[in-house]
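Novice: According to TrEMBL:
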type	residues	note
REPEAT	114-148	repeat 'PPR'
REPEAT	215-249	repeat 'PPR'
REPEAT	316-350	repeat 'PPR'
REPEAT	417-451	repeat 'PPR'
REPEAT	479-513	repeat 'PPR'
REPEAT	580-614	repeat 'PPR'
DOMAIN	795-886	domain 'DYW'
Amino acid sequence: MKLCRLPLPTSSPLKPFHTAAVSVLEDHLTPASAATLAPHLSPPPESPASSVSKLTTLISATQSVGGAAQIHAHLAKCGLSFGPPLRQHLLSLYSRCRSPESARKLFDEFPDRDHISWSALISAYSNNGLGREALLSFRKMRSLGVRSNEFTLPSVLKACSASSDFIAGTQVHAFVIVTGFESDVFVANTLVVMYANFGLLLDSKRLFDGITDRNSVSWNGLLAGCVRNERFDEAVSLFQEMVMDGMRPNEFGFSCILNACTGSQDLSCGRAVHGYLTRLGYHSDAFTTNALVDMYAKLGNAKAAAMVFGKIARPDIVSWNSFIAGCVLHGHDSRALALLVEMKASGMVPNVFTLSSVLKACAGTGMLDLGMQIHGTLIKAGSDSDSFVGVGLVDMYAKCNCLDDAMKAFYLIPEQDLISWNALISGCSHSGSDDEALACFSKMRREDPHVVNGLVDAYGKCSCLEEAGRVFEECQSGDVVAFTSLITAHSQSGQGEEAIKVFCKMLNQDLKPDSFVCSSLLNACASLSAYEQGKQIHVHVQKMGFMSDVFAGNALVNMYAKCGSVEDATLAFSEIPERGIVSWSAMIGGLAQHGHGKKALDLFSKMLDEGLSPNHITLTSVLCACNHAGLIDEAKQYFDLMEEMYGVQQTQEHYACMIDLLGRAGRLNEAMELVHHMPFEANASVWGALLGASRVHGNIELGRQAAEMLFALEPEKSGTHVLLANMYASAGMWDNVAKVRRLMKDSRVKKEPAMSWVEMKDKIYTFIVGDRSHDRTAEIYAKLEELGELMRKAGYVPMVETDLHDVEPWEKEVLLSHHSEKLAVAFALISTPAGVPIRVKKNLRVCRDCHTAFKFICQIVSTEIILRDINRFHHFKDGACSCGDYCTLSVGPVRRKHALRWPHPRRLKRVETRVLGRAGLKGLLSSFQ
């Protein structure tokens, strides 16, 4: 069909344009489209502006890049200098036709580029997935002084999402705030979507709440973000809130909520949504009906899927694919093949997604011939190497016992992922080729990063660190996930220094840490009690925008609490935007370890007031808080009502806490009665608590019984022998002491040496009792002598009864004055300015004499001494300790999971400046910026 050429006056300046446009339409538009647009080609000669408007409509109607190029070429050929509106529309046409390169060429031809031109170019890049190019164009635009508007910024934010550049996104967000566009609903909606795309739903929700005039795009953006991040229950709640707020859902909103129902496998909710959208008249919308078919098919309700599908007037490719894939997913292979026949009969051409599902149906029904025909069709179309199709071919050939063909199809896939490997290995096993299946698995283990990451993670969680390290080293190229798994494994096993070494290796490979890596690093610093390094990582967590991440927030609370700064832990806790049960448990446990038992219980009450239910870890922390503060009645109340009030069954951990608490208080009969009423056999934690209590309160018989149980449960532990010998020594039973020491020697059990250490100027200094290996030994012992004189004048009397060596009292005084923690404190006092808090760590429990001495020392030197031992923290200040001296009642060996873990003493000397110092970790962390 030819367009009717209507005459234009010879004086009209638009005549060449008119002729060119008509020529293009004759060549590129369908007759129907040409007929529709014919009236626009006869603009009144007296109205040039109207003519431009008609021609703009003509450009907008073109759908192919060829048509766009023809229009552009004819305009240039005619020598017509068309104005900015037509230029912008032609540039947008190139963008719409997915030709950003042509859009750029046209942009470069513009004599004057204003903010509209730049916005159109940035939009062209952004809409075609070229986020990096869009950002570069935006920077160039800014450097030229061209102002941005509310249409530019959404495209730039979209580009940040497309290029996965979170730092750029936050910078643009700051620019939005400075320029005052944060109140613009279009910009605000794009910010909501961007933060959701980066997984920061809390920030996305906060921005959403700040939008005063929300529209359907606002709600849909947050709704889609919840679905994308698999927060399906939140999506359903948000949809309900949207409806209650009076906002009418559109087809996109219904599609999102139906996808949420599919993801959560909530068929009843999906049916309710189906009824609601039917009442609103969306049951005939193609977008919505496709989502309905997909939901019903994937949730196994083929009857409902068929009913919805049957009511679609003209099913598109998405409709067919959803129905066919759902049938295959639930084993209805014959039905899927029948649908393929119907689809072809309707004139719809299958695409790679259709054929991928059909190949699986061929595998399920054993229809090799049909599968081979489809394979031939794919080869002709050049789609046989597509990843979706490739997996289907591998699965089909393998299950039809054509293993050689399955192998060929597998190796034609450009990038083999876990799904393709699974299909090949499953096919080998299905055909009885077990050796081949094992060989494929071995190769997959070496080559596939998903498998490597999974194995590293699995070995790490099973504390098999050597195996985890071996798998990690065998992989060809480690990614962030593999490094994160290995760092986490070392951190959770108490090997903080190894975790930091792996992190340094990661940075050397130019890999960018994510929030999980930072969380693991903070936990590593917590295990080392590396306060300064923890603060450095905290700074970079802030710079990288991870402060709103709940994992990083929880790790910060844990790190500061275990590094002796309960104030910093409290501040970090208060800054967690969405505190969960892990956050509360970490803070309650931190307060308990620092001797703030009542504060811990107050925080627990506050948690309950906010509607959170405690888990077994929270209640363990609560019982520990009662234990450290000597709150026996409160502990018994929590313990007795644990299951009734909170639905948490009592565990070995809870019983151990209660038995330790009763033992500290000297209520040994009650403790033993509790042991007899336990619903399971007492473990080492329970018997260790009883042995410690027996030693303190002089119950030799109970102590001997507890020790015998511990010898059977943990024969390799030296703490039992030492504690039993000390109990005998306290009672003057030296023959029994000799027997225990002989047993220890015969059993080849070695006592773990007491060791204390202090961090000074990015280096760790370790001390043992009577240590004289330090460069400043003379100054250290001189300081101890000076402090000893001052303490005696203040009323200090050495507790020689706590030293169990069979020597003279004056010798015991000398031994007590040279304990490792006293040496560490003395060294810290001569190495730091007056008044600066001193942080000392010890691998065993602080002795009673040192505990008493530090109360005098902190008052004499007017300096807070923070001592972390195996059980807890002691804050010595103004002549008192935060534990209220209650901790000196117990000397039991600590076996509880909540006990503080230290690196092995022999490994501490390796943790020096190279790993933890300024030239090591601090230097490498600069790459975060």
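Note that Cβ sites are derived from N, Cα and C of the backbone, with glycine treated the same way.
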Novice: Count up the helix, strand and coil residues in the domain 'DYW' (795-886) according to DSSP, in that order.
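Specialist: DSSP classes over the domain 'DYW' (795-886) add up to 39 helix, 16 strand, 37 coil.
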Novice: Pull the DSSP breakdown for the repeat 'PPR' (215-249) and write it out as helix, strand, coil residue counts.
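Specialist: DSSP classes over the repeat 'PPR' (215-249) add up to 26 helix, 0 strand, 9 coil.
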Novice: If you average the pLDDT over the repeat 'PPR' (316-350), what number do you get?
Specialist: 88
Novice: Per DSSP, what is the residue tally for the repeat 'PPR' (479-513) in helix, strand and coil?
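Specialist: Per DSSP, the residues of the repeat 'PPR' (479-513) fall into 26 helix, 0 strand, 9 coil.
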